[in-house]
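Chemist: The region 'Disordered' annotation in TrEMBL covers 1-256. Look at TrEMBL and you will find 41-51, 104-116 tagged as compositional bias 'Low complexity'. Per TrEMBL, compositional bias 'Polar residues' is recorded for 71-91, 117-132. Residues annotated as compositional bias 'Pro residues' in TrEMBL: 138-175. Residues or ranges marked as domain 'Zinc finger Sec23/Sec24-type' by TrEMBL: 354-392. Annotation comment: TrEMBL describes 431-675 as domain 'Sec23/Sec24 trunk'. Residues or ranges marked as domain 'Sec23/Sec24 beta-sandwich' by TrEMBL: 680-764. Under the heading domain 'Sec23/Sec24 helical', TrEMBL lists 776-875. As annotated by TrEMBL, domain 'Gelsolin-like' applies to 897-967.
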Amino acid sequence: MNQQGYVAMPPYSQSQPGMGGFSPGFGQPASSPLYGHYGESSPSSSVPQSVMLKTNVPFGSTAPIGPPPQSTHQFNQMNLQNGPSSTTQQLHRFPGSHPPYGHPSQSYPNNPSSSSVQLANQLGNMQINNYGSNSAPSAPPCVPSGPPQSLHGPPPPRPQQMALPPGPQISPPPANNLNSHPSLPSMARQEGMPGSSPMNTNLPQQLPGEPLGPGFPPQYGNYGPPMPGAQLSYPGGLPTGPAQMAGPQQRKLDPDSIPSPIQVIENDRASRGGQIYATNIRGQVPPLVTTDCVIQDQGNASPRYLRCTTYCFPASSDLAKQAQIPLAAIIKPFANVLPNETPIYMVNHGETGPLRCNRCKAYMCPFMQFIEGGRKYQCGFCSCVNDVPPFYFQHLDHVGRRIDYYERPELSLGSYEYVATLDYCRNNKPPQPPAYIFMIDVSYNNIKSGLVKLICDELKTVLDRLPREEQEESSSIRVGFVTYHKVLHFFNVKSNLAQPQMMVVTDVGEVFVPLLDGFLVNFQESRSVINNLLDQIPEMFADSNESETVFAPVIQAGMEALKAAECAGKLFIFHASLPTAEAPGKLKSRDDRKLVNTEKEKTLFQPQTNIYETLGKDCVANGCCVDLFLFPNQYIDVASMGLVTMLTGGTLYKYNNFQMNSDSYQFLSDLRKNIEKRMAFDAIMRVRTSTGFRATDFLGAIYMNNTTDVEMAGVDCNKAVTVEFKHDDKLNEDNGALIQCAVLYTSMNGQRRLRVHNTALNCSSQLADVYKSCETDALINFFVKSAYKAILSQPLKTVREILVNQTARMLACYRKNCATPSAVSQLILPDSMKVLPVYMNCLLKSCVMMGKPEIPTDERTLHRQLVMSMDVASTQLLFYPQLLPIHSMDINSDVFPSAVRCSEERLSEGGLFLLANGVHMFLWLGVSAPPEVIQGIFNVPSFAHVSTEATRLPEVENPYSTKLRSMIDHLQNKTPYTMKILIVKQRDQPEVAFKQFLVEDKNIYGGASYVDFLCCVHKEICQLLN
């Protein structure tokens, strides 16, 4: 049943040696749940490993505790049973609806050779069981006393599928539908500070006549029309957290008994870290994004550029619908590669241009097969036979491969670039080098806070570091400057001027550019005039009392300036308040929290006027990317103001209540990172596939004028586009599934280029192969972007239900079709999806999905916009933060301390912990933290003397301080955004904010704990299987 690996080289149809040697656990961590419009299941190259929890405890007997049996994996399992379930469930998708669950079961003759973790539910008892890591026992586990096992428990396990001994009992949440209960008044639901005692299942029993206690979100009951069929109940919806547990004998669950994301990450690092990963095998699952390794391109694109939700596509659409695993690729076309990895090679065919298939227009790549002695080639995507142009002819060797195979990047590598001809340029003219225009809000608040002076001072030095191509001595990017409040001021900074000249545009309704010559200049040539200007701007507006600002005309002016100069470029806009001045794009404050949890909640995420969408389209058409730095003191309507940034591929930054002493470091660091990063401009991306499937949906900071072309006015090294695929025919298992992503763009020196990424995936008619090849981190990236897109048009409640439903369907399909036959009360998780539930729960608890009036609308909208352009590594870190025990670091070693699970139970009064998720960073101090560590890091004698006002650590010359600061710098350098450090003391009020990032616990807004969500998912699976 193992799908053989494939070497992605011609001859294309010839099978090659398999991927051999990958031990269990090489696959990505648990896949994310699917929701909505998927008709496909994800591919995989070999038999999946399962994670299974089960119990052999007969009804009514207590569970004896004994030594755990040994197994091949150290992931512990848990079995949950939630009582009888309904036998039918109507499933919903974002666009439409899924067929009911119940396709014929996929036969799976050979049991997956896998480590198993079993989640056991025996009628009313939830049991968590532990076992160590070793070889699989040949004898079945001990059977407890009581009625015969055959009456209640599953049959003895087959070899290599471990049954777990009974463990402590705990009652599961009641199986009745909690959605139907009326919501409680918010005060009545507040039973103390949630999150203070995570994983606590010892909750009081519900008494007759009492309102429902902690459990499912109250808003589900009175929000929108009910979904047909069984209702989904998301645990922990009330501010007090976990689902209601009933029964007198309740013990605290052992968190170590359920699959751990940290363990999955550490196992992958141990087995694949520091090694060379070659991409020559078709459909192999790459190391996790959290594993450092060297990637060697040998015919398939590096996973730095392209990752898939599964590396083995199901052979048919029926199989895909059955598994419900989304088929998607997360493409980051301009990702940075490590210094010791080969950079992208450039191919130049002169005036002839890139070689393409005559029928499907795919570019020459390793999947083209040369025939007839090298005179023709057959396209791997559409099978069309094309003539080889005379200039490109080369003889074939004895295996049918061109003898110049290794000399041509386009034949032997997965990623490469072509120099584009004039046919690929606007108006058939070579492009100009791009330009950066800096547009500064000089209204009263920005002048008085010192922000304008801070920006001007920084620009004088950071403009020396404008990005350039590697062969260039200096950057070709030109710069221009505009200031504004109710009117716009353009500056002439031509190099031959003694002083800069200002021109004022007062007609903001019909914006025009008052000058061309001298507005966009080379910084090196005009340095003295520009420095003069930057010195003068803060003084020039020092006496201004103008507090109203315009916004849309500012973007319009920048775009018109680039259009007049016939070049692409980027606007850097530094803006502080809601644009209330009379002008196009004027906005009013509409932060109406009463809309939360109503049908109109989706309007909070939509712009309040269509002018910004129109403006965004115009910017894309003219290659104008917009980066926005916001400094609000109150509501600023990110949904409206950030839309142009999102449509043009730009980046959004927001600094609430900006204070010079505490926020300037974060802002300046973000500005430097932004100005220095490599960019591509005026880009169009097209994704082609081999026959049998096609790209159907695109998610990211993009604009699409048609169904195939992804347009980005700018795209940088951090931006990723998530592409979903659907079947339109059967796939050939021998040929596999081919994907080619081509991006036409203008480089930083004004050269039109074409970057091509190719990858080949396996195909299989066995669901087990599909599950085996899933990558959880990529699945989560797809799920979050799909959900965040869906909330623009559907109620949050519906989207949340779809997420839970899809999670259950994916796992139920595996349980039904791929796992060893056993009692329905066992939740069996595929090895590649061990930690799928914890990631999905983190997504459901995100500020966007929670729907609580206490969460500011701007913060939810900002979070949504940041995530839409994130790559796999960024979403992985965002939804499961790193929690590092600082007190245990070895100050004499370069190695960082190992991360621990994100739960309050992992904190200790005598410890210090650093938490980072790519956007936020906290340094948590326990009340009994060692004085020598406090002294070393903060240069103060004790815990009580530490100031929580600081947002940077003091530079103390000792090993503790040096090591911690190097750790923080390392984390900061790996993320696109600079994380502002918040110092939090145990038991202080700010600790509440910190605890929201301990994602395995219930949170203050009512999100469920990991354990409770596992109960909820298992209940849904039982309903599907019954």
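Each Cβ is built from the backbone N, Cα and C atoms, and glycine gets one as well.
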Chemist: With a cut-off of 8 Å between Cβ atoms, can you find at least three pairs linking the domain 'Gelsolin-like' (897-967) to the domain 'Zinc finger Sec23/Sec24-type' (354-392)? Only pairs 6 or more residues apart in sequence count.
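Modeler: They do not touch: fewer than three Cβ pairs between the two stretches lie under 8 Å.
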Chemist: Do any residues, 6 or more residues outside the domain 'Zinc finger Sec23/Sec24-type' (354-392), come within under 8 Å Cβ-to-Cβ of it, and if so which ones?
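Modeler: Residues packing against the domain 'Zinc finger Sec23/Sec24-type' (354-392) from afar: 8-13, 299, 347, 400-402, 410-414, 418, 420, 688-691, 735, 738, 740, 742, 754, 756, 758, 760.
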Chemist: Would you list the DSSP helix, strand and coil counts for the residues of the domain 'Gelsolin-like' (897-967)?
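Modeler: Across the domain 'Gelsolin-like' (897-967), the residues distribute as 23 helix, 12 strand, 36 coil.
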Chemist: Give the residue counts of the domain 'Zinc finger Sec23/Sec24-type' (354-392) per reduced DSSP state, in the order helix, strand, coil.
Modeler: 6 helix, 11 strand, 22 coil
Chemist: Please average pLDDT over the domain 'Sec23/Sec24 beta-sandwich' (680-764) for the predicted structure.
Modeler: 96
